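Participant: Quick one: the structure is below, and I'll ask about it shortly.
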């Protein structure tokens with residue numbers, strides 16, 4: 001039985017070309033990048049090269065890239081680091097109700113520490129507006145954090161509009177771009193973004209890698225203490241193989257962005273058309289106009305999502321009910337709850353399909369046929 005992986009928004013397989021670049025550095029470039037001898041200088045060269053390439057990709061300066069262990073750490077450093085560094089200027093933070101839990105739980109922690117958090121509502125497409133942000137801004141607002149593209153329903157937020165609004169305000173603008181990076185072109189200067197989080201394993205790079213872009217004008221308090229790595233902002237010996245892999249994954253995603261976007265959009269159409277041809281009733285969750293190309297969230301009226309997922313897994317098709325970080329949770333999706341309310345049937349009858357490396361049109365059609373068969377059997 002062929003297994004079909006359509007859960008790339010949870011994690012993506014590593015591109016073999018990325019692995020090829022990493023392998024020599026597991027044993028070859030083993031020197032500590034902070035050491036002044038030749039072994040250390042060799043490792044430092046690879047780290048600096050990666051930093052320069054990644055910075056250029058988003059229109060940043062090299063010193064504005066902080067390597068992290070992934071998106072969660074990058075989000076924590078952006079939010080906690082800002083809160084600790086700017087608490088004397090204010091204790092108000094604005095975010096949305098559909099953020100990744102790396103953002104939401106960090107904000108909840110700060111609430112317990114005396115910070116005031118405003119959680120913006122979203123419309124039924126999962127979108128906020130710059131107007132909402134403007135209305136929520138206060139003199140003591142020190143940070144606005146709005147994700148670039150949602151990991152569950154794929155809705156893309158009006159980042160440039162929000163950035164334009166905030167450029168004259170003292171509040172820093174952070175965006176969790178983990179799901180969007182590599183598929184949407186991002187220029188931090190043109191979008192007036194102060195802080196941006198990225199994870200390697202969502203773009204066919206290695207797990208345990210990522211970075212935080214922090215504008216040179218941003219002041220952050222470090223969360224890790226020890227050495228003076230990353231310009232004293234993130235202590236710990238650099239993961240040279242991982243950083244090399246992250247650099248290569250970002251390079252490939254940039255070179256192949258247009259091709260992937262076109263392919264994934266066609267996959268969405270194939271999936272939906274196959275369901276329609278089979279006579280299956282469904283609706284799309286999320287904004288159809290402002291959407292990530294690889295994420296498709298579907299609502300099947302009257303179908304138990306648990307039964308659907310189990311049956312699909314038995315058929316060799318891997319999809320999900322939402323964020324992998326809430327797998328096994330008895331609570332419904334906080335994203336769908338924010339969009340449709342606590343009583344909506346969509347909370348218990350929706351699945352997320354997400355496309356990526358290795359998927360073919362034939363696989364997508366086969367998976368959609370399996371979904372149609374299971375839905376018919378369950379209704």
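Note: Cβ is positioned from N, Cα and C throughout, glycine not excepted.
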Participant: Going by the pyridoxal 5'-phosphate site in Swiss-Prot, where 71, 72, 179, 199, 200, 201, 237 are listed, which of the candidates 125, 151, 285 is also part of it?
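Facilitator: Between 125, 151, 285, Swiss-Prot records just one in the pyridoxal 5'-phosphate site with 71, 72, 179, 199, 200, 201, 237, namely 151.
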Participant: Out of these binding-site residues, 71, 200, which one has the fewest other C-beta atoms within 10 Å of its own C-beta?
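Facilitator: Checked 71, 200; of these binding-site residues, fewest Cβ neighbours within 10 Å: 71.
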Participant: Quick check for the class: what is the C-alpha distance, in angstrom and rounded, between residue 237 (pyridoxal 5'-phosphate binding site) and residue 202 (N6-(pyridoxal phosphate)lysine)?
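Facilitator: Given the Cα positions, residue 237 (pyridoxal 5'-phosphate binding site) is 23 Å from residue 202 (N6-(pyridoxal phosphate)lysine).
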Participant: Long-range same-chain neighbours of residue 72 (pyridoxal 5'-phosphate binding site), Cβ under 8 Å, sequence gap at least 6?
Facilitator: 102, 199
Participant: Just going by other Cβ atoms within 10 Å, which of the binding-site residues 151, 179, 199, 237 has the emptiest spot?
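Facilitator: Relative to the other binding-site residues in 151, 179, 199, 237, 237 has the fewest Cβ atoms within 10 Å.
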